[in-house]
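According to TrEMBL, the feature transmembrane segment maps to B:20-40, B:60-79, B:115-133, B:145-168, B:175-194, B:206-227, B:234-254.
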Amino acid sequence: MREHLTVYLTMIRAAVITRLQYRADFLMGILGVFILNAGTLGTTWVLLNRFHELNGWGFWEIVFLYNLWLLGHGIRAVFFRHVTNLEQFILDGTFDQLLTRPASPLVQFMGREIHYLGVGDVLLSALMIGLAYQNLALDWTWWMFLWFLLVALSSAAVELSLLLMLSCTAFFTTRSRALVDAATQFSWGVVQQYPIDMFNNVLRFVVTVALPFAFMNYYPSLLLLGKEGSDPFGYLTWFTPLVALFLLWLTARVWNFSIKRYQSTGS
Amino acid sequence: MSLFWTFSRQHFYKQSAYRLNFWLEMGGMFLQLYVVATLWNVLFTQTPTGFGSATLTQMITYAVLGILLGAVLSVDEGVHSYLQGQVRMGLITTDLMKPVDFLLHMLARDFGATVVRLSFYLLPPLVFAYLLFDLVLPVDAVQVVYFLIAVFQAWVILFFCNFLFGLISFKTLDLLGFIFTYYALIRFASGQIIPLWMYPDWMQPFLYALPFQSIFYTPIGLFTGVISGGQATTALWTQTAWMIGLFVAARFIWARIHRHLVVQGG
Amino acid sequence: MALIEVHNLRKEFKKLVPKTGFLSGIRNLWNTDYTSHVAVDDISFKIEEGELLGYIGPNGAGKSTSIKMMTGILVPTAGEISIAGMTPWKQRREHAQNIGVVFGQKTQLWWDIPPIESYRVLKTIYKIPDSVYEKNLNTFRDLLELHEFENTPVRQLSLGQRMRADLAAAMLHDPRILFLDEPTIGVDVLAKERLREFIKEINRTRGVTILLTTHDMADIEKLCHRMSIIDDGKLLYDGSIHDLKSRYGTERTLVIELDDAPYALHIPNTRVLREEGSRVWIAFDKEKLSASDVMMKVAEKHTIRDLTVEEPEIESIVREIYQSGLDRKKEDGHVAVLDV
Ligand SMILES: Nc1ncnc2c1ncn2[C@@H]1O[C@H](COP(=O)(O)OP(=O)(O)OP(=O)(O)O)[C@@H](O)[C@H]1O
Ligand SMILES: [Mg+2]
């Protein structure tokens, strides 16, 4: 474990030096992230300006939902944005090189890059969650704040695991991008923007069990917003960190299995 | 003209080479369709008067077309991403050396990609969506013709917008950051997702003053019958005006950049 | 037991067979026809400690695939590899500590940062002690003139510099075995010379066992005593370069300068390759004729002013072997391995 950490930290150091070469993009990137999210939130605002609520969720509750997702996503994106790029690593031979070194390929792959765009996500979401907290007149106890931190990390872990598992298909088919893109639509296209209790059971099942992106924001929000009674499955809100841990464990298994497959099929 | 077909064929082969991508993208599109249809259903049940004079079927038709057209008239991929790629790899000079007018060359390339997307992403899913959802279809031939003209003009407008946007990469080498802004702007201001009339009143003049509403709102509005009668012809002429305006702007700015490039020697 | 032992190595890849013909584009959308392609087909060889082996073959012969199996990246479909007593893919990590790998096509260095920063990461990954790291780095600074560019981001390096930086990276942890897949690709004559010097040097002074692939026969001639030729996944030749020349290179070329223009040079068992003014190139098989036989036949009709005998270049021998491989493939899969 300590060895993994040493390797990871050394690699992160190299990744930071890499990133510092492109400092000029930094501000533009962060600004871009702000505007992009403002555009999406703006659309929601236009709707709720007219309809006042969506299936029992008010504007600021949706803002909270949206930004809890963004917070987890942002934390993930800072350190692990490149997991969906695994396909490229395999195609251009970078991955093969990881296999010729006496260290875990997973640790080496994870430490390969860091990204600043996620910083924009984290900043914006923290700000917006703060605003939502005020506008909703929430009043959390201190342990709720700790729970919130745990939830944010779990949210990042859930996204990381799901994306990495999906990207592992690159070991089988060389092309995983399309699959990842299609699957992440359940994330940014469904879970991030809408309270999932408005959808039918099939879709709910997909985002709760098959691709449990809903644990990034919907389920944890229920407790944080005091809405756990509004959903018959509201008790799932307590399981968020457990789900994250389970997914991380599963990802490690899937990863090892996929590498074995890759080594024996070569594509 | 043959240039246009050459590029279409090329793109056709590229598209069909990645078969899994095609089915997955199709699935993704139907997920989007389902989500927006649900959204409108929920809102309609909540407040039946919320859509103004539009019916629920019209709204769902609007959503279907918004998503399908969004896949055809792509903001992610287009002449801007091509330009950026070429500039970044230092390959843009090879494009400049070709014995065809640069703008025309780019237009042909984009046409190829669009025709292919049109045949893969508009017609088949539209038929399928018609079976799945309750849609309103155009009632007379004029409406269909108007719609087709509007889609064509929308393509030209989007092309010039993308082109002008892509020119930024000659200055910065990179579009990242800008692309988010551009993407958000088009998403928000084109009426692709939410029809323009549902925006707050004070915002509408701004939205109508931008070229983006011509890209999505006009063709979709014509198809669904939201825009009709005198409004229809006005909308089409507005598109034409934007086409010409943007064409002139693109020519002018490109000429300046081109001169600059020649002076610098690429 | 040899340092590297490869027994009946085989690797198959699955490939999608694209549809052709009418509406092929659309029909490809549900195409599921796979064929299996044998990239490495029943190869066996041994390499002793300290050897420098050239591993050559035309594009797609299976060289890189073999190297990937020997470095533990890929697991063979069948067959065994034992390197320093280990099976690469089973004891991947311990094995990795023993070997250095350079893929000439693709740098293992971090693209945007100077080589020296990449070396630091490798130092941690390979757990290189400080003293060894410093000593090696200093040696390579001398031998490869690393100091010229060790602080420049890799993306700004020329191909030659990058290759030097990559070689140093592969050697930092004192590996016993070095796998070099096209280390001279895209490098100019002088830089090639320098790379070869380095490779020779570490093979000689450090006793590093080296397996090298290349498309440049000069690399082979200047570096290796032994070479293996593979084509279409099969081992066609494995032996010394000297043997290869005497076995397959039995053709000699006699270049003769005459007083007058050459005419009526019909000598049995020879071919006129080229005529240029009063010069003529005549090829003959040295097993059947001797140079003096040919010369005498020519002298019967002409006055000879000057003459030289050209030995075949290894390049032309190899070309012939590749060509016969191509012809064989055209004859529809009929395979006859050259008898070695
Ligand atoms: N991952 C893979 N999936 C499918 N086929 C592969 C894969 N890697 C290699 N091949 C095929 O195996 C054969 C051998 O390839 P390999 O890369 O080993 O050749 P090579 O001898 O290194 O050629 P070159 O001199 O061009 O580098 C080729 O036909 C290639 O197309
Ligand atoms: Mg190769």
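Note that Cβ sites are derived from N, Cα and C of the backbone, with glycine treated the same way.
All annotation found in TrEMBL is predicted automatically rather than curated by experts.
Among the stretches B:60-79, B:115-133, B:145-168, B:206-227, the one making the largest number of Cβ pairs under 8 Å with the transmembrane segment (B:234-254) is B:145-168. The list of residues near the transmembrane segment (B:60-79) in space but at least 6 beyond its ends in sequence, with Cβ under 8 angstroms from a Cβ of it, reads 25, 29, 32-33, 36-37, 40, 54, 106, 109-110, 113-114, 117-118, 121-122, 125-126, 129, 133-136, 151, 154-155, 158-159, 162-163, 166, 182-183, 186-187, 191-193, 195, 215-216, 219-221, 223-224, 226. Taking every listed stretch (B:20-40, B:145-168, B:175-194, B:206-227) in turn, the largest tally of C-beta pairs under 8 A with the transmembrane segment (B:115-133) is reached by B:20-40. The stretches the transmembrane segment (B:206-227) and the transmembrane segment (B:145-168) are in mutual contact, each linked to the other by at least three Cβ pairs under 8 Å (pairs 6 or more apart in sequence).
Remote same-chain partners of the transmembrane segment (B:145-168), defined as residues 6 or more beyond its termini with a Cβ less than 8 Å from a stretch Cβ, comprise 69, 73, 75, 78-84, 103, 106-107, 110-111, 114, 138, 175, 178, 182, 186, 211-212, 214-216, 218-219, 222-223, 232, 235-236, 239-240, 242-243, 246-247, 249-250, 253-254, 257.
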